[in-house]
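J.: The structure is given below, and queries will be raised subsequently.
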């Protein structure tokens, strides 16, 4: 519905659909996380998280690739161009929704074991008789209790960072590129090219970490460490390459310079680094949440999406007022704290697994 609104947008329909997409996104992310968890075990959760993330972010690559070539050289986007894009996106969304109904439900014995399958069937019969509202209230209470646990509080710092950098690479950074007049006539098309390279970084990261997770004997920490190092390099290059007033520049753009002459190549390279670093954090967060809360993952993923969305909204708010270097500083601080907190949870998870199973296969 949200995408279809753009076919013929009106202010009232746009704001109404925005509210509904926020509610739907929370439900959808919780359901996707739960589906990922129940169809995985401790040996496959890392691989499946990587594959899921690569497929999810492929839209960044293909969508921006189409826009880059279809709208290249255009200074005005016509009504027919806009409608063509959003009609196509609406159809794709409907097809994706239908495909959700084809996702398999895992066999009870694959999840709990043969000796527990009969008990599970009895439990399903009892649960089917419960009121749906009661189950929703119970899930909400579990989420509240989960919020104050040590592991979730620590992971919330990492999740908060992913919300801040999500806003930066999906909204702020493209605005900065488009506002730099020294990029010449290509400044607008560079926004689409930036999205393409963010998508390449996301897909490469998700695919790589998914394939390597089976043979990773060091757990998730090295991937998160790689992610924060990649992001710190990107932030430093952006600080050198982009003028500070780029996020809040007027519609005419800015002629200011940073510490070096603005370079299109550096800007696009930073896009790739932002996507790669984001995939490092999100794949490992999905993996550790699915591992720690495998028996009841829905509340965990609900808290994950809640914290991420709140921080993304906060970042969108301050991005209209803060200069670029202050926004980068906020992400550096949260990135460092989020990495340390993730390491702490991962070390505890490693200690738990060391007493029960082979941690190298997680």
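A Cβ is built for glycine as well, from the same backbone N, Cα and C atoms used for every other residue.
When I checked TrEMBL for this same protein, it listed these features:
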type	residues	note
TRANSMEM	12-31	transmembrane segment
TRANSMEM	51-71	transmembrane segment
TRANSMEM	83-103	transmembrane segment
TRANSMEM	190-211	transmembrane segment
TRANSMEM	223-242	transmembrane segment
TRANSMEM	324-345	transmembrane segment
J.: Tell me if the transmembrane segment (12-31) touches the transmembrane segment (190-211). I count contact as 3 or more CB pairs below 8 A, with pairs 6 or more residues apart.
T.: no
J.: Using a Cβ cut-off of under 8 Å, list the residues of the same chain at least 6 residues beyond the transmembrane segment (83-103) that approach it.
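T.: For the transmembrane segment (83-103), the sequence-distant neighbours (Cβ-Cβ under 8 Å, at least 6 residues beyond its ends) are 3-4, 6-8, 35, 66-67.
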